[in-house]
């Protein structure tokens, strides 16, 4: 039975990710880059200034509906930076060669325009539920597409998306993240997997029971710490292996277009593999176009939707250009990619080579931070869709099931679970990309409004139309 299910899921994933969605995600990124005039490049500096210029700004008294711009970005990044930044990048390099890193960078630049569009829509069509701002694809599909495709079709697409993300991230995805923590912690510290699962579930439970505000408070402190710690590890390795830097950079760019020139024909890696694995792993990591991070960006207290759109592409830059690149540097400089290992084991070996005696423990610490923050971020994305589907009912049931999935995920092998997660991730992407394309004029109108107000000078503002989403 399990073998049959695995074969079926594998066939579906092959269709989705090998032939359909990777090209669709790249295509939508190219489209919005040209359609909007490359906001991720033109507004890149403004995005960083907007996010970090108001880093210590406090919310107004009595404003409990929203998060600060930085808090919302921290929640988004907490979900983006996960095991994909460690195992995913290693897989891209071992399966696609060092040239895959170039294509990962390119996919990130294009994905920045897509995630900009997602965040703008999330802000425009957000609602107030239980006294808090919530939003995301299910909401902009319902409110934005109903006039275009009819209520029935919009309800189907939004419901399909909600079920897919609850399964992909809330349940299955969180089980895989928990498994990644357990597999590294048990090896590094000789701790029983069940004990890891119980402690992890307790910590996650204490965080998520406080709602999005507590999740944001945890994320805004943990995310900068974990990102800086990991990047510092890469910087140390840069100095340690400084003689290898120039050859490594040459290998990345040469192998991006001619892998055989670097790896030799016997490696069996061609340009197609470099492109495929670099693009796919990059998109898996930064989640641009998948419809996950808009749930965080909808909660931000900003004066204009475009400001949060710029914050969103800053998140992709941090996730892929900084953190994923840090993993690539660690692997390529140490030469761990040539030892015949796979996945996270490649990165683990690189850490052990660079930091003898404590490298495995150091990576376990980093991976624990990455995966734990992903768990609480993905929990919230699922919660937003439970609220959308059931108007506030069954929240306690959802929380209990997520915590149970965390404990279960730490026990045993999860190959099929990973495949199921990939499949439901693919199901998320389909309605989200449909909505992004059909709502392209609305996105452009919001961006044009921002440009007009910016040119006119004065204080930035936007005529938000936020509606109550009544809970039962």
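Using the three backbone atoms N, Cα and C, a Cβ is placed for every residue, glycine included.
Per TrEMBL, transmembrane segment is recorded for 20-38 (among others).
Feature annotation from TrEMBL assigns transmembrane segment to 70-94 (among others). With a threshold of 8 Å between CB atoms, the same-chain residues lying at least 6 positions outside the transmembrane segment (70-94) that come near it are 51-52, 54-55, 100-101, 104, 169, 176-177, 180, 212, 215-217, 219-220, 222-224, 226-227, 277-278, 280-282, 284-287, 292-293, 296-297, 299-300, 308, 311-312, 314-316, 318-319, 323-324, 327-328, 331-332, 337, 341-347, 363, 366-367, 370-371, 373-374, 376-378, 380-381.
The annotation transmembrane segment is assigned in TrEMBL to 100-122 (among others).
Under the heading transmembrane segment, TrEMBL lists 156-175 (among others).
If one looks beyond the transmembrane segment (187-209) by at least 6 residues along the same chain, the residues whose Cβ comes under 8 Å of a Cβ in the stretch are 178, 181, 215, 218, 360-361, 363-364, 372, 375-376, 379-380, 383, 399, 402-404, 406-411. According to TrEMBL, the feature transmembrane segment maps to 187-209 (among others).
Residues or ranges marked as transmembrane segment in TrEMBL: 221-239 (among others). Long-range neighbours of the transmembrane segment (221-239) within the same chain, counting only residues 6 or more positions beyond its ends whose Cβ lies under 8 Å from a Cβ of the stretch, are 74, 77-78, 81, 245, 318, 322-323, 325-327, 329-330, 333-334, 351, 354-355, 362, 365-366, 369-370, 372-373.
Residues or ranges marked as transmembrane segment by TrEMBL: 251-271 (among others).
Annotated transmembrane segment per TrEMBL: 311-333 (among others), in sequence order.
Residues 75-76, 78-83, 85-86, 136, 165-166, 169-171, 173-174, 177-178, 180-181, 184-185, 187-189, 200, 203-204, 207-208, 212, 215, 218-219, 222-223, 225-226, 229-230, 233, 292, 295-296, 344, 347-348, 351, 355, 398-399, 402, 406 of the same chain sit 6 or more residues outside the transmembrane segment (362-382) yet have a Cβ under 8 Å from a Cβ within it. Among the features that TrEMBL reports, transmembrane segment is placed at 362-382 (among others).
If you look up TrEMBL, you'll see 394-411 (among others) marked as transmembrane segment.
Positions annotated as transmembrane segment by TrEMBL: 423-439 (among others).
Against the transmembrane segment (311-333), the recorded stretches 20-38, 100-122, 156-175, 394-411, 423-439 differ in Cβ pairs under 8 Å, and the greatest number is found for 100-122. Cβ atoms under 8 Å from those of the transmembrane segment (423-439) belong to residues 9, 12-13, 16-17, 20-21, 24-25, 28, 31-32, 114, 117-118, 121, 137, 140-141, 144-145, 148-149, 157-158, 160-161, 164-165, 167-168, 172-173, 284, 289-292 of the same chain, restricted to positions at least 6 beyond its ends. By the count of Cβ pairs under 8 Å, the stretch nearest in packing to the transmembrane segment (100-122) among 20-38, 156-175, 394-411 is 20-38.
No contact links the transmembrane segment (156-175) to the transmembrane segment (20-38), because fewer than 3 Cβ pairs that are 6 or more residues apart lie under 8 A.
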